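To start, the structure itself, in structure tokens.
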Amino acid sequence: MLATCVIQPIDMVKVKIQLGEGSATSVTKKMLANEGVGSFYKGLSAGLLRQATYTTARLGSFRVLTNKAVEANEGKPLPLVQKAAIGLTAGAIGACFGSPADLALIRMQADSTLPAAQRRHYKNAFHALYRIIADEGVLALWKGAGPTVARAMSLNMGMLASYDQSVEVLRDKLGAGELSTMLGASAISGFFASACSLPFDYVKTQVQKMQPDATGKYPYTGSFDCAMKTLKSGGPFKFYTGFPVYCVRIAPHVMMTWIFLNQIQKVEKRVGL
């Protein structure tokens, strides 16, 4: 949640780029001119709720599953393939908990890109969840859950597995110090998390923000349809639209998450938790 408070403005720009609003520079200038500095923090309440549910579940389940696997492996380091599998599982668990908040976040961030008549005007995350349930039903909270889960699985595979593997290489094989190991592993983790997850994030954003046309028909029937139409119209690199901004958004968030987590764990040890 601390990391999200720092990264939220970049995330806002990333979403607008994916929705076809222009380059990072033009989006930033337009937001400042039309809506002011506060527009960069639109959807922050949903972003914080998402971290409180999604990240709590994924990081907690990853450590629990990893500890169980190490115990079954008689205390030996786990192979990279097993770490990746645990990362995929933890990502799926976290996404199931965090999908409603993620839907609220995307809609709040995308609201200003819609025509005035189609804007939802959610006041905060809880108002968004209430309106979604009231207007579309409870199951609508998991609209776009497929790409959300796929994105979470790919991001966590890249983030969690690469971090643990990097720590082992930097600390045990290269003899790096504690600070160098943490910063280096966090940076590597952030890059792989970005590279693995952006295609799924692109599809997720398109599906979650779509609106029906005048006849009530949606532009995509689902995640797979969105992916196929995107591939046909823009080619494979279309899925990596806004990669530099996405990397700048994901990598520092991942780094700060690991740094904050390590500091919290140190405090826990000192107080005996």
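Heads up, the Cβ atoms here are built off N, Cα and C, so glycines get one too.
Some features that TrEMBL has for this protein:
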- 1-68: repeat 'Solcar' (REPEAT)
- 78-169: repeat 'Solcar' (REPEAT)
- 177-267: repeat 'Solcar' (REPEAT)
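Helix, strand and coil counts from DSSP across the repeat 'Solcar' (78-169) read 79 helix, 0 strand, 13 coil.
Within the repeat 'Solcar' (1-68), the DSSP-based counts of helix, strand and coil residues read 58 helix, 0 strand, 10 coil. A mean pLDDT of 86 is what the model gives for the repeat 'Solcar' (1-68).
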